[in-house]
Amino acid sequence: MLEIKALKSAYGRIEVLHGIDLSVSSGEIVTVVGANGAGKTTLLKCLSGVQPVIGGSISFRGETMTHVPGHKRLKRGLAQSPEGRQIFTNLSVEENLRLGAFLFTDARVDQDMAEAFQMFPVLKEKRNLNAGGLSGGQQQMLAIARALMGRPACLLLDEPSMGLAPILVAQIFDVVKGLKALDVTVLLVEQNAFGALSIADRGYVMETGRVTISGSAKELIADPRIREAYLGH
Amino acid sequence: DIKIGSTLAMTGPASFLGDPEAKTLEMLVEEVNAAGGINGEMIELIQYDDGADPNKARTFAVRLIEDDEVVAIIGGSTTGTTLALMPEVDAAGIPFISLAGSISIIDPVEPYTFKTPHTDRMACQKVFEDMQKRGISKIGMISGTGGFGASMRKQCLEVASDYGIDVIADESYGPKDADMTPQLTNIKATDGIEAVLNPGFGQGPAIVTRNYSQLGIDLPLYQSHGVASQGFIDLAGNEAAEGVRLPGTALLVADILPADDPQTEIVRAYKTAFEQKYEMPVSTFGGYAHDAFRILVAAIEKAGSSDPEAIRDAIEETSGLVGTTGTYTFSADDHLGLDLSAFKMLEINNGGWTLVD
Amino acid sequence: MPELMQFLLSGLTVGAVYALVALGFTIIYNASDVVNFAQGEFVMLGGMITVFAYGAGAPLPLAAAVAILTTVFVGVALNKLAIEPARGAPVVSLIIITIGASILIRGVTQIVFDKQIHRFPAFTGDAPIPFFGATLLPQSLWVVGGALTVFVGLYLFFTKTLTGKAVLATANNRLAAQLVGINTGWVMTLSFGLSAAIGALAGVLVTPITLTSYDVGIGLALKGFAAAMLGGMGNPKGALVGGLLLGVIEAMTAGYLSSQYKDAAAFVVILAVLFAMPQGLFGAKSTERV
Amino acid sequence: MKLGSKHTTLLVLAVIIIVAPFFFPSSYYFRVGSLIFINGLAVTGIVILTGYAGQVSLGHAGFAGIGAYACALAPVYLGVHPGLALIIGALLSGAIAFLVGRPILRLKGYYLGVASLGFGILVAMLLTNEAQITGGPDGIRVADLGIRGLLREMGFRVKGSELWYVLTGICLLIGAWLALNLHDSPTGRALRALHGSEVAARTVGVDVARLKLQAFVISAVFASVSGSLLALQNRFITPEVAGFLHSVEMVTMAVLGGVGSVLGAIFGAAILTTLPQVLTVFAEYEYAVLGLVMMLVMIFLRDGLLPSLAKLIKGREQ
Amino acid sequence: MSLLQVDGLGIEFGGLKAVDNVGFKVEPGEIVSVIGPNGAGKTTLFNMISGIYLPKAGRVTLAGQDVTGMEPHLLARLGLSRTFQNLQIFQHMSVLENVVAGFHLEESGNVLSDLFALPGSRKRARTVRAKAEVLLARVGLERAAGAEAGSLSYGALKRLEIARALALSPKILLLDEPAAGCNAVETEEIDELIAEVAKSGVAILLVEHDMKLVMRISNHIVVLDHGEKIAEGDPETVSRNPDVIAAYLGTAAAQESEHA
Ligand SMILES: Nc1ncnc2c1ncn2[C@@H]1O[C@H](COP(=O)(O)OP(=O)(O)OP(=O)(O)O)[C@@H](O)[C@H]1O
Ligand SMILES: Nc1ncnc2c1ncn2[C@@H]1O[C@H](COP(=O)(O)OP(=O)(O)OP(=O)(O)O)[C@@H](O)[C@H]1O
Ligand SMILES: CC(C)C[C@H](N)C(=O)O
Ligand SMILES: [Mg+2]
Ligand SMILES: [Mg+2]
């Protein structure tokens, strides 16, 4: 479904992705782990079109996407919950969610919103408040919920568990797992490598702009190099 | 070639002065050159646009003198720019004819500076003379806070008592103001007012005139020579402008001037030429530039040389030169060379100018 | 009390002019955080183009329509040719671009048209309407009505429409706006087009009262800016109230205190309001958690 | 050679100031030069306030006005030497900035902009309206600084424009030196820190209110001295010096050249001062071209002329 | 006398009691963690203690001095330092300068002396620079010293904030989710760093959702929910408290932290 070939990207003149090959099949959950600064966020930004690609290609559902402008990618089915949450701080929680479904005006929008509120009841409580006033974790929930409002075929999640209480971390992973049943493909970047690998089908390990290891989630969990570098004791 | 320089407010807040002035100079230079120049030499006109900014005007004066090496300068559309560049022409010994109004330009007399428009003080005197004739003794004033308005207000306050006139209301408005009804309401409410005088130029007086009629004030309204142009009537509207009086020059009444008036010929010639070339009505301000240029050309011809010193002396000796504004006779202690007689009291009737008396 | 009434009417008329300019600022500001200093030039273009189209023989409504459309075109071009290519530049740089644009527009206008002051007739005559001992020109009603209409339109746009929200979202977080599928480039084009239209409309409405010339833009932009800040930048309600208030303060000061210092009084009030309410009267306090 | 380091910047400036006159065909260029230096000085103050501390003022011309009119009025009313008047003006500007800055610096962004704008307009209005004292809108004459006379007595004959070129050049160098000192000093760092994040700056112990005020006062003094120099050089001054347009011009110069760097901002002052002189060849089209140039610079060199060019050059080297 | 004592602290936002009557103590060298569900009021509590929000009720005492509502820069003088959940970086300064700025109180002198570059100013700047380099090394960012701070990845920025907070030589350090955005191994490094700092006598007040980290290093844990303190005690006790499990840990995580 998502096919990334020899992808390169740079900030100014400094190249930070040096040729990434990665693929995600339809309905799969694929996770990317890696140390701080490995380039995971940059990779996702390339996929959602907010970061220029300087080499290689991205294709999605058989179409080349490499240079499609960012705002058109959601229409093609690619949604992202970005690093740093990037919510609309001056708009209300509800407006944030409504904008998540910016492309749609049908009745399903309300239904989706109701579902989002069900998933994160706090958001319902605070629906009319400025999203900027939310706590860190609440903002994270909003970012995830907003991405789901876009009815993605493929969801890109950048550290969705960050800042969430343990009880919610478990819930988020459940939600992600549940997306499979809805036929949503997920590319999951996570620091909580253990959690991520537990629900993923496959995984990639990134180091300084390159994919160094890849394989099925089971293999990776068992891989001593990964235990050593990412799972800790 | 004879190089003549000018720095005028072709743009900016005084562009309606500088624009016709610059156009006039351009036209006249072409004319003179087409007729063979002065003493066989062509005139080269170097024009700069100072946007009414005194600092720029000064810089352009230096540029004209030091870099372009002109022999004389016409310019300073406004008093501020004129005063700013005067030290420069003085130091360099370059004759300079200003087109600005304030009396402070030629009083005290500086050796190299001359000017063509009537002073603001003369305008006050002319207006007060007319008021006196009509038996008016208590007036209200509403003045623009720009250079011209503020300076004329001061002069008027100074000379009012000479004519037995009491200024019992004194209001003002800013250069960009769009509504003067509050000030006029106050004037209207002041007891005993018999007439209102509005020193200022630009859109202000037109708005004052319109507000005046909106408020239904039916006292005589006097404007200054700062708005002496057809444009003013158009802006104020025929109805509102009806009956407004102001001291103006022959230029405005070119068509109704008696044929034997000494200015008739020159005024009509300028008016026709200008309006043909630029397809816009002449204004008094262009007339100031016209006169300045004529004075300068006459002086150069007379001096028979383009030495600045000689030109200056020749200007000072100008006598009986008929211009659009009046007849100029300069002397060592009079660098304006006009008297009140050159001012004509005009009144607006049916959207046109008529001569009072 | 006919004086008070006269001051009030005069203040409201002038205030409505300020409000119209301030309302024009709102959209571009809401889309990009940029105060468009060329907004005054849109007003000027609205007036000047109408003057010349009318002078060329077009009926007034047609002339006004031509002026508004042309100005919209200029606004969109400004966005496409200058703001878009500078995407990602710091806000100050964008502001300087708008200042440059205002100089450019003024410079071109003085060449294309002229440097004289102009006016065209009031829409419905000049006969003063008596009102509780004071008088008011019919055109004032047009101006006030125009300001109210634009206000209502903008208010509905920003609170009731998804597009309005998309505009707000674009300024708040451009990256996120793209991620939810908002074509931020188009939002900017729309904003500049709308702002230009409002500006030009203001020009058409006010010229019979304030007169126009190629350089009236700066003065209007300045007052509109002050009015918008007084009310709280970005909020249509703020623009309307700020504008009207500014006009009334000026008129009252000119009437009761000193006409020389009426602008000063206006700024003193603005300063006083901002000390008490640093976001203006209706400005949203932005909540940024740390 | 690292661009922007203190000593290189000063060296570059000094060399330009010294060498340029060898290419001047007439003394008119000295005048333009000194205007650049005068504007450069004011803009250096803007660098401290806006470039370092991130606070935008749209009213700094007000301080230039105070400095200028101090030189015009103090010799008349207090009988002091014009040179001393410059210092009085600077102190007065500093004091006023101190008083005004306290309340208005609590405001942020455009709100600070409009408040400072109000201040500038108040000063300009006072200068315009109190005509009995200030001479009103038509301006007022300024006493001679007397240095030329002094030099003549000592046997040196210099042209006014050349003398002012040297004087203002020296003042600019001093100003630049001060601003550069500040940049890498604890105060400068704290200013730049509060620009980045006020909350974080406060938690590391920066007294934000006080620091902003210091930057405001310093930049006001820079503007004041620049206004004084203008008045003393022109021997005549009008309220325009305190006007809104002059305030905007200062900010524009700084941003155009690169508000974060002293050299950049001075470069901006040079460009915007010379541009109108150069553009006279376009006659009518002058303003259209000026606006266009400003836009093009900001579109293609968005961080300001100098920093953007430096970046380009650096990029090419790599 | 405790180093930090919080009594009955409370604040409201539009009627919502974000923090309500919360009190606890922190001793020198102690690591106290504040945990609780999202929106429980942890960050708000930090904001009140560090002078960013003005509490509506209650008292904060630092080394015996009442510092309720005191400005952050004054608190910094008293030795209180913090990091932020929502990063507050000096974006356009270099990484090293970010840390040097942390030494503000130590290096800052007189403006005039700075303006004229008097020798004193220059000397202070030099010594501080050396110290900042040491701190950067301590958080593993020495290689990035010259880079513009805005160009660092999220995790790196988190560590930069810690270095900057340490620059103050604080008596008490407030860390708001220092390990967010770090993987398990990186978290362990931070863990060690915190322990080390505490060992030197600095009191640590920590907010963190990584239960492994919290359980491993805390001496004492305060649990908030809906702005109120619902439990308090050592890690053992707290992690077994059913209210805490229900509101915050969830069963899975509770088990996980058992094994930590
Ligand atoms: N805006 C930027 N400008 C310059 N360099 C950047 C920028 N953003 C990121 N980088 C650099 O790109 C590299 C990859 O960063 P990225 O944010 O993609 O890492 P990451 O894997 O997401 O790390 P983390 O786990 O800390 O979020 C890092 O070396 C970082 O310093
Ligand atoms: N400035 C504010 N405006 C409005 N509400 C606020 C504000 N600050 C905090 N709140 C509310 O107070 C509550 C507590 O927020 P706080 O950020 O302290 O939570 P937290 O415990 O730090 O959560 P997290 O673990 O998600 O970071 C939340 O419901 C939040 O919405
Ligand atoms: C009407 C004119 C005499 C005005 C004059 N040019 C001035 O500004 O001083
Ligand atoms: Mg990342
Ligand atoms: Mg928090």
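Including glycine, each Cβ sits where the backbone N, Cα and C put it.
When TrEMBL is compared with the stretches D:36-54, D:55-73, the one noted as transmembrane segment is D:36-54.
Tallying C-beta pairs under 8 angstroms between the transmembrane segment (D:253-275) and each of D:36-54, D:163-180, D:213-232, D:287-306 places D:36-54 first. Ranked by number of Cβ pairs under 8 Å to the transmembrane segment (D:213-232), the listed stretches D:9-30, D:36-54, D:84-102, D:163-180, D:287-306 are led by D:84-102.
Beyond the transmembrane segment (D:287-306), the same-chain residues lying 6 or more positions past its ends with a Cβ under 8 Å from any Cβ of the stretch are 252, 255-261, 263-265, 267-268, 271, 275-276, 279.
Long-range contacts of the transmembrane segment (D:163-180) within its own chain (CB-CB distance under 8 A, at least 6 residues past either end) are made by residues 6, 9-10, 13-14, 17, 21, 30-31, 33-34, 37-38, 40-41, 44-45, 47-48, 147-148, 151, 222, 225, 229, 233, 262-263, 266.
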